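Asker: So TrEMBL lists the following for this protein:
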type	residues	note
DOMAIN	34-225	domain 'Poly(A) polymerase nucleotidyltransferase'
DOMAIN	231-365	domain 'Poly(A) polymerase central'
DOMAIN	388-430	domain 'Poly(A) polymerase RNA-binding'
REGION	502-547	region 'Disordered'
COMPBIAS	511-527	compositional bias 'Basic residues'
COMPBIAS	528-540	compositional bias 'Basic and acidic residues'
Amino acid sequence: MCVYEACDVSENVFPAETDFGDEVLSGGRVQNILGKQLEEYLGENKVHTTAYEKEHRVKVLETVKAIGEEWIRGIADDSGVEIPDEAIRICTFGSYHLGVDHPESDVDVLILCPKLVDRQKDIFGSLDMHGPGEPEKFRTTLVEVLRKHPQVDQLLAIPDAFVPVVKFVLDGIRIDLISAIIPQAEIPAELDSLSPNSDLFLKMDSSSRQGINAMRISREIIRLVPDEDAFRSTLRAVKLWARRRGVYSNILGYLGGISWTIMTAKVCTIYHPSPPAVLLYKFFQLFAMYWDWPRPVVLAELENKKQSSDLREWNPDLYPSDRRHVMPIITPVNPMMNTSHNVSLSTYRVIMGELVRGYSCMLSLCAEGIENSENCRNLWAPLFERTEFFSWYPTYLKIDVSSENTVTQTRWKGLVESKLRHLLQMLQNFQFKDVHLCADENNATSSNHHSFYFGIDARNWKGSLENVQKLVMSSVSQWVSEELEWQRDDATMKIAYSMSRGEIAHSRNSTGKRVKRKQRRSQRHHQAREGDTLNDREQQHITSVTT
């Protein structure tokens, strides 16, 4: 058995007694009304895809498959190899496969290829494939086939990523395509033959195994949740909330989509059967108040099985680095992996502050729902209110990245974004009162420009603001020199940084209205990160709602 077994309801994860919100939501009338209004609110905020959009995405995936078949037959002809009718297979994973994609979300695609494919030579090519104008290769690559397709735009190949990926837009739909090379001439009819203890899986390269696992995780989550419809509705709400509150970004050290999905699935398995409104309440109650982090969130108990030595599972008893994970959320398939390894103590405090705020909002919603249950559509709005990040801090650091075109900007933005956690750590080494990396996706941005923000509270320093600014700017300059300069391969890639006081750092919020300092509510939320213990913080929020 694994060292960390699946958490059971009987393990005293949380008290058995109910609270005020439980009592309110146990009533069928209020529960039904709140549930109906939640669905209406989510619908108004476009978290669903329409029937037309669903059909359009299906057609786009059919086009992706047709492009893949054209490409693989070209490789077979060049190699003089006969291939079966189904020489490749297209599989989806992530939000699209889970059924919670929204109109703006991308579609994650895994292409299964036979052993005659060489990833570097046949998919990406041996030369730099980032921009237009490359010479023809002896064997046409998948990237080249995509580039020449009339419906493909904004193509970006990233062969040196942890999992090599090709990003592109096809007929208006963003696609993230990864690959798995099956070590035999044909794609197996049953994908179960690619289980982690199979010989086929163990013979794959690391990138292929990562791709197969991504597909298996989505399928296993769907298998484990007892009510798919309730799970999907709850997950849509959780994802909307996380994006609005600036805690949805794995690359910036917060939680990514798979982490929020596993947490939601955990709640759905514990509290089945319950409608989405109740499950959403339980989500905040469980993870804000009762979950004993770093206790891992595990959906299913897994047995250790033979696996490749270069794809180890998460196990803090064996690996000291795993013991330092502050918020482990574990995949439900072997080999078990922590989806939240980027979370630091700093971003953990931000996530917990938002979870506690969410629980506080849910208690307020329950209280107001009793008094005004017939007209409660707007009761959900405070929970999903956009973050007030730009009214929390006395000083802000702004980092602007820009380039001349969309493809170059996508690559440049992604590179800078992947290094921001290192800058966050450098700034935290000064032991300022607080440093907060903003993950709000609604910052000022365009096709060739993006801004990142840090909120800095250095009021615990005895030195002047000018000295603080010198320290911060010097650190940023060092960070750019050490982390970015040597990887900047296009003269149009530019980066600029500046500091300003809170009143002028960002004069308008994401809806275009002028940001006001919403004194007490905003300060109370902000104080949740200022050094008081979690238990004290929880008690403050509960008291403020129930008194």
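The backbone N, Cα and C atoms fix where each Cβ goes, and this holds for glycine too.
TrEMBL labels come from automatic prediction, so no person has curated them.
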Asker: Count up the helix, strand and coil residues in the domain 'Poly(A) polymerase central' (231-365) according to DSSP, in that order.
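Answerer: Going through the domain 'Poly(A) polymerase central' (231-365) residue by residue, I get 68 helix, 6 strand, 61 coil.
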Asker: If you average per-residue pLDDT over the domain 'Poly(A) polymerase central' (231-365), what number do you get?
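Answerer: Here the predicted model's pLDDT, averaged over the domain 'Poly(A) polymerase central' (231-365), is 90.
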Asker: With DSSP as the reference, give the number of residues of the domain 'Poly(A) polymerase RNA-binding' (388-430) in helix, strand and coil.
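Answerer: With helix first, then strand, then coil, the domain 'Poly(A) polymerase RNA-binding' (388-430) has 26 helix, 8 strand, 9 coil.
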